[in-house]
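Enquirer: First the structure, which I've put down as structure tokens, then a few questions once you've had a look.
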Amino acid sequence: MADRTAPNCHLRLEWVYGYRGHQCRNNLYYTAAKEIVYFVAGVGVVYNTREHKQKFYLGHNDDIISLALHPERVLVATGQVGKEPYICVWDSYTVQTVSILKDVHSHGIACLAFDLEGQCLVSVGLDSKNTICVWDWRRGKVLAAAPGHTDRIFDISWDLYQPSKLVSCGVKHIKFWSLCGNALTPKRGVFGKTGDLQTILCLACAKDEVTYSGALNGDIYVWKGINLMKTVQGAHGSGIFSMNVCEEGFATGGRDGCVRLWDLNFKPITLIDLRETDQGYKGLSVRSVCWRGDHILVGTQDSEIFEVVVHDRTKPFLIMQGHCEGELWALAVHPTKPLAMTGSDDRSVRIWSLIDHALIARCNMEEPIRCAAVSTDGIHLALGMKDGSFTVLRVRDMTEVVHIKDRKEAIHELKYSPDGAHLAVGSNDNSVDIYGVVQRYKKVGECSGSTSFITHMDWSTDSKYLQINDGSGRRLFYRMPSGKEVTNREELKLVQWASWTCVLGPEVNGISPKYSDINDINSVDANFNNQVLVTADDYGLVKLLRYPCIKKGAKFKKYLGHSAHITNARWSHDYQWVITIGGADHSVFQWKFVPERKSKEAVHIAPQETLADSNSEESDSDQSDVPEMDSEIEQETQHTYRRQVYKEDLPQLKEQCKEKHRATAMKKKERAPGSGVKLHFIHGYRGYDCRSNLFYTQTGEIVYHVAAIGVVYNRQQNTQRFYMGHDDDILCLAIHPLKDFVATGQVGRDSSIHIWDTESLKPMSVLRGFHQLGVCALDFSADGKRLASVGLDDNHTIVLWDWRKGEKLSTMRGSKDKIFVVKMNPYLPDKLITAGVKHMKFWHKAGGGLIGRKGNMGKTETMMCAVYGWSEEMVFSGTCTGDICIWRDMFLMKTVKAHDGPVFSVHALEKGFVTGGKDGIVALWDDTFERCLKTYAIKRAVLAPGSKGLLLEDNPSIRAISLGHGHILVGTKNGEILEVDKSGPITLLVQGHMEGEVWGLATHPHLPLCATVSDDKTLRIWDLSPSHCMLAVRKLRKGGRCCCFSPDGKALAVGLNDGSFLIVNADTLEDLVSFHHRKDIISDIRFSPGSGKYLAVASGDTFVDIYNVMSSKRVGVCKGCLNYVTHLDWDKRGKLLQVNTGGKEQFFFEAPRGKKQTIPATEVEKINWSTWTCVLGTSVEGIWPLINEVTEVTAACLSSDKKVLATGDDLGYVKLFRYPVRGKYAKFKRYVAHSTLVTNVRWTHDDGLLVTVGGGDTCLMIWAHEPEGHREIRQCDSEESDVESEDDGGYDSDVTRENEINYTIKALSTNMRPMTGLKPHLQLKEPSVDERQGVVRPPVSRALPQPEKLQTNNVGKKKRPIEDLVLELVFGYRGNDCRNNVHYLNDGADIIYHTASVGIVLNLTTSCQSFYAEHSDDILCLTINQHPKFPNVVATGQVGDTGDMSATSPSIHVWDAMTKQTLSVLRCFHSGGVCSVSFSATGKLLLSVGLDPEHTVTIWKWQEGAKVATRVGHTQRIFVAEFRPDSDTHFVSVGLKHVRFWTLAGRALLCKKGVLSSIEDARMQTMLSVAFGANNLTFTGTISGDVCVWKEHILVRIVAKAHTGPVFTMYTTLRDGLIVTGGKERPSKEGGALKLWDQELKRCRAFRLETGQVIDCVRSVCRGKGKILVGTRNAEIIEVGEKNAACNILVNGHMDGPIWGLGAHPSRDVFLSAAEDGTVRLWDIPEKKMLNKVNLGHPARTISYSPEGDMVAIGMKNGEFIILLVASLKIWGKKRDRRSPIQDIRFSPNSRYLAVGSTESAVDFYDLTLGPQLNRINSCRDIPSFVMQMDFSADSTYVQISTGAYKRLVYEVPSGKPVTEQPHIDRITWATWTSVLGDEVIGIWSRNTDKADVTCACVSHSGLNIATGDDFGMVKLFDFPCPEKFGKHKRFLGHSAHLTNVRFTTGDRFVVSAGGDDRSVFVWRCVHAAH
């Protein structure tokens, strides 16, 4: 029998020929040790030129394509391609991994760059968004990530002179990035007129914001800031691929084969043209340069590396060569010399010396070469070509012997016969030709018969036979040299083969995997001497197997290095080396063969070798000598813990069921019951599939787990305390070295790990987000700071955590097979081990990854436990065969037999070890496992009298051992926890059922006892009194599902799974009687009440049998059920049976005969039932949950007083309902403790306890019943019901608007007006008359000069254009849909608020405003940091698009209110926007809430820009979330029918719903605001005007009607605790919308706001020194004095928008605005305030001053217009001739006419000289659409109109006749120009206005500029006229979407712009050009 193990010899990579120049750039550098670092295929190479040695980095598993050198030049970062590519940072000296960065990029990593300090690394991915990612590479942590560009990025670099700035370049772009917080924000480089927009290939940064970049056309582009400053033309002849910066200057290399050196100012120093040198050739292309002192390294496209010495630059040294791009297939080795020959698709054949590691000859052929062979005497070299020809060369001088072309298809294989006489040539024409060598290669034979192309051939040693393989997988034999096929296989039996390179045949069966027929092996070669075979395959693996290998799936060692397919592998002539060649990576690898060694030396392998060797993984075929797998382990390995439904799925399922619930929601619901239960004691310990999960705590209590509960057991008092933070099975438990904290891991879709305190039972940290399905192993580090965990996913992922911070430090796939244990090295916290099924691995942390090596043992056994010994390299592991393996580092030193059967637990002591095994023995060992000091057998005989139960069997399998307090603590597979005294006696402390579901449960009729029966084939009696022990146990022959005590408690009936049942004596458990009448499970069994005369037995066969107990006879059978019976109940008289079935049917039968009865539902309730355990019927209708498709109610039980119904369901919930439970979806109290399904629930006889059993978790849980009056509120109180009450406290229009608002993203906004037609810049221009007639006018016409386009009035003599606009004033405040957004700063000297996208700081003494304008879109929320360490720090959150981290993502800016300096930008995933922000007590954390559908809640460390935690907040809108003012971990969120109390634990957010049940009839209302008081009090303001007062999360009081309307805002004063509330209220004598309260919200003082409004609606309050600041819904900000209640209005604004009308006064710096809110307001710019406002009672649309400024005309939305006298504000006249909105209104310059333009497509003229009755004198008709803007000509005789169809029309005044002649129109001089249409302004329309429009425009009084506003909210300034498309302009941001109007004020001093969405007016100061 051939040896089935892998060979003992191995390969070591010795040399790699080549350099990757194709498709890669900037990948060649000098290290600090003056070695050269580069890469080939998947290998990083460090080449020492002086000693001509190479070192290899083998940490990648696919092609490397990018490389960066750390500034200290020792560390290297490399990035690879692949589906999940990663980056390795490694040490070029030791070639060991330092860090692995993964899990961000896909496809590949295109560029890498370190920053100046070397702390950060930036990477660019090859995904569709070309993601850019910045890493803290040592920790493997992402600092920031953003989409890079839509097209490829070629280079990226840090600006070495400015921190946090980067530059990237690529296809037709260059971008300048700044890193702030977690946001990478790009600015595109502006090419302008200086250079063409083109692809930039490489770049380098210099000082003073200068960047040099190399372009595709060979120019150098020089950038200053983001602008192209100049170009250096023709620096290279074509593309510049590489640019390298060093102390002396810059080096560039290009496609033209030149390298140029430049000094630091980019002046040329010298040029080296490599094409002209000795080694040069035409077409040489430089891909990489590195300049260091006087040496320059150059890497070329064709895989060469040159080294140039600067002073001798004409003679470069060629230090590395390889094949050029193209597949490499041909390989041959010389028969007598250490030479290898390769030939490639690059048409070259090359000869390499294996001793000197150098290329010694090369010759170029005409055709691509596909195979090669050397004749036996070494004289001839034959090459097979791709075109079907072959050539023979003389090896000596590479001269041609012959060239023969007999075939059309490629030659894929050729070989010389061993006697040298013949050459066999195999082609893709499916045949082999035989040529005679001596006859000058005359064809002497042909082998046909193959149906496919020829792939491999071998000659026999006597040269008489040839065997071939073809592409169809056939193996054929031919007689030589004739080529006749051999069909009789007998004659081949004795043939010896000269070589074996075939992939088919019995000798090489083992090369293919066990169950696969796929042949992906390209090449094999046998080494007959050493009996090994080398194979090369499509996956880049070189494998070493034994030869011959007969059985499929042989064991191998495997070696990585080649990236993709390896095309060929050959042994050298003396078997010293293996040569392999890569197809796509066209590289040649030379491996040293290391024959079998003595095992002694194995320990001293050089580090380099172990690396190569560590890659040799065992294959996974069955080893013949593997012992049988132990049944227990087998079971455990197969356990997947998958669930149909996880608890995490419930919220979504509930959402889907919402509709069903709506229908029933209107009915009034029963309240939840008044009484509750509290978990009291659990019988059970999870030993059957978990190990090492039992420990002593610091205080000597015992901690373990069962079901979903962490249990802390006090053995002195026999009591338990519970950690109930998990919601599904806990699978593992680890204890902190200080024994005060415990970590537990659970099952779950996204399973979590909780670290909790065993004293307080509070979670310290919760770790989520990495493990799927479950967590199966945990371990703390020796310092207790780190935690290692292993998941149950397919790869058994290992994660290393900093658990307090909740941060993942590193992660890696662990193993395909199950891992049972993870242990951290107590001496070196970066090392750990994992052990499991056929698996023992030694890991060390490398940045964000872990590097693992398999333990070195012949065959890997399954390990069950492991522990570190007395030094860092000693490890002891227990196997499934009972051995202890002793390891040093990764080498197995020896094994010791310790137990019979598996060793499940091992524990290290100070001086020795203790082990426990399946044999039930605990063994103590000395510290070397030399001898066993003592053994303890776990037997009933030694059980001490104080035990709390009975041992079920002797020597139970031991699963956990722990030592402490002079005892050994032992946990068994049978669910027992025992304490072994060192002297021998054993005390049983806790026990439960063994593995198997527990269903049967019965409580005793008058004693505190209960009985359980389980699938583990036992019946047990438990004492429920304080002794909590198991009183009796009996083994059954079958498992059981039900049991019941007789009414006198003396007998106990038990139903078994095989259809039989027995009645036993309740005390002794001895049989009284038994029956077997059924085949299926007995599912329920019941004695009739009273004397217990009858026994009803229900079975899965759908029958209920009735027995007479006294006579032991069956007296009746109840027939008629259609499904198996699930529940039974008797009535009080013992006459009637109620039956439930699995088909949800309810039946009634009469006893004793079993006659079926039909009873109407109304009668059922009147019947007096003895017990109620059924789950169907109208009286329990409400117990079925909303999501009953996925969950069943399995059990129910009614208390004796018939008030409370307890239920259990298959999601593990125990619920209490108020009985009777009528109406669907009743309210309940819910308790989580069981993990999966609750099989049964029972009350004790006096209702004092509730007893429940769990199916899968085998637990018996005892709950104390706490009656109604007993109201201690504890943390483990139940959760409220699923169904929220429908009424939410009322309706309020403001709340509804705020909830339903959809914020538009500016960049995506669409047009505001309903326009039709083609946009101006898309319309084709009509040719003028002259053009039509072909008249060419002389350039200087003799005609009169064209008149001015515009009358330039009231501007001084010299006209100056306007250069810039500066924001001076903003009139407006966002109060109508935002809240809590007005604050005092600097002790009340300044206030801060926001509108549109600007944050405004207003100084109250000077009224000056200053602005923060970095937001790209509307601000929605604002908060200030109240911690003294962060004075004036403000956070603002904005609207955004999807959360993809790009520039349009929502973001939060943290900034300094005084300097307006941005401190941090946090890009977030809150798609839609950020609606609330709040700082924590220390000011270091920031909380944000999103508008996304999940209303995500996120906590940030804002200074670092790091996200600490994030979680789904609520299904409906959250309005506000605020930190408690004294906390960094507690906050409260309020919203639609929602208040939640949150805790931050590590990185996890835990939340509790507010509990209302403590107050009679309290309803969950919509909560709008929150404030805080001492002692954990929280106040929330509601929509109905009440304020709820909460203690922790329990409602304790309601302050009824604190306001008459919704309480929108509350403010907690930190210095004195007083609380300010603001609401919606009518002002009255008593109250107002603003109130100041004491700390408890008991007394208050109301303030009236003198605003003159009917209803005041306060949206924001803040309290300073003696003053209260109020922001209202009507956009006012008011300061109220606390003493005198005086109101001072600080800010005014329009309350509703849009503001459509703007009118600038003809001579003063005042202007009017008219808006949708029905007001016209007069604003004074110098005074910075509102002078007056007029309420019109109707929304206004347009407004205009008369030329003298004495009258004002206002157009209304209802078609009316009004003329006011300015002096008196009296109405001079009004008229309504139209029924639709007036869009524009204008006085003619001579003040005679008034033009009124409306939506009815008409302009009406009125003659004002006829007096105020305003009769229409004429109108313009035939206007194609509504009127937008109008302008009069300077002489008042024409009017121009812009319309909604993008047409501009001109009419005569006052006749209303259209003017159509273009020349005529061109001569008109206009008084004003506000039109957005016309040839003169075509340039104001931009390219990206496909959905949106330019909405308004205004030409300056000087006639030189035009200002425009558009739907994107931008104000733009152009020159006027602007006739060229896409004119140059400056843009000014600040407004929200949709600008409605823009005007110049008199003298062009200011531009005023009016906002649509933001209801704000911006005033911009004009900066004029200098004279």
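The backbone N, Cα and C atoms fix where each Cβ goes, and this holds for glycine too.
Copying in the features that TrEMBL gives for the protein in this structure:
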DOMAIN    53-307  domain 'EML-like first beta-propeller'
REPEAT    233-265  repeat 'WD'
DOMAIN    328-592  domain 'EML-like second beta-propeller'
REPEAT    330-354  repeat 'WD'
REPEAT    404-435  repeat 'WD'
REGION    604-645  region 'Disordered'
COMPBIAS  615-635  compositional bias 'Acidic residues'
DOMAIN    719-979  domain 'EML-like first beta-propeller'
REPEAT    896-926  repeat 'WD'
DOMAIN    998-1264  domain 'EML-like second beta-propeller'
REPEAT    1231-1263  repeat 'WD'
REGION    1273-1295  region 'Disordered'
COMPBIAS  1278-1291  compositional bias 'Acidic residues'
DOMAIN    1409-1679  domain 'EML-like first beta-propeller'
DOMAIN    1699-1966  domain 'EML-like second beta-propeller'
REPEAT    1705-1733  repeat 'WD'
REPEAT    1932-1964  repeat 'WD'
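Each of these features: where is it, how hidden is it, and who are its neighbours?
Expert: Mean pLDDT across the domain 'EML-like first beta-propeller' (53-307) comes to 90 in this model.
Beyond the repeat 'WD' (233-265), the same-chain residues lying 6 or more positions past its ends with a Cβ under 8 Å from any Cβ of the stretch are 25-26, 155, 160, 201-206, 212-220, 271-275, 280, 283-292, 296, 298, 308, 310.
Long-range contacts of the repeat 'WD' (404-435) within its own chain (CB-CB distance under 8 A, at least 6 residues past either end) are made by residues 329, 370-377, 380, 382, 384-392, 441-448, 450-463, 466, 468, 470, 478, 480-481, 483, 498-499.
Counting residues per DSSP class in helix, strand and coil order gives 0 helix, 20 strand, 11 coil for the repeat 'WD' (896-926).
Helix first, then strand, then coil: DSSP counts for the repeat 'WD' (1231-1263) stand at 0 helix, 18 strand, 15 coil.
Away from its own ends, the repeat 'WD' (1705-1733) comes close to residues 1354, 1368-1369, 1371, 1407-1409, 1692, 1694-1699, 1739-1743, 1745, 1747-1749, 1752, 1754, 1757, 1769, 1943, 1945-1946, 1949-1950, 1952, 1954, 1959, 1961, 1963 of its chain (Cβ-Cβ under 8 Å, at least six residues beyond either end).
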Enquirer: Near the repeat 'WD' (330-354), which residues from the same chain, at least 6 beyond its ends, have a CB less than 8 A from one of its CBs?
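Expert: Hits for the repeat 'WD' (330-354): 17, 302, 321, 323-324, 360-378, 381, 383-384, 386, 393, 395, 398, 567-574, 576-577, 579, 581, 586, 588, 590.
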Enquirer: Tally Cβ pairs under 8 Å between the domain 'EML-like second beta-propeller' (328-592) and each listed stretch (53-307, 719-979, 998-1264, 1409-1679), then give the stretch with the top tally.
Expert: 53-307
Enquirer: Pairs of Cβ atoms less than 8 Å apart decide it: which stretch in 53-307, 719-979, 998-1264, 1699-1966 has the most with the domain 'EML-like first beta-propeller' (1409-1679)?
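Expert: Looking only at 53-307, 719-979, 998-1264, 1699-1966, the most contacts with the domain 'EML-like first beta-propeller' (1409-1679) come from 53-307.
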Enquirer: For the repeat 'WD' (896-926), give me same-chain residues lying six or more residues beyond its boundaries with a C-beta closer than 8 angstroms to one of its C-beta atoms, as numbers and ranges.
Expert: 630, 632-633, 691-692, 864-869, 876-884, 886, 932-938, 954-963, 968, 970, 972-973, 980
Enquirer: Can you break down the repeat 'WD' (233-265) into helix, strand and coil residue counts using DSSP?
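Expert: In the repeat 'WD' (233-265), the DSSP-based counts are 0 helix, 18 strand, 15 coil.
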Enquirer: Counting by DSSP secondary structure, give me helix, strand and coil numbers for the repeat 'WD' (1932-1964).
Expert: 3 helix, 17 strand, 13 coil
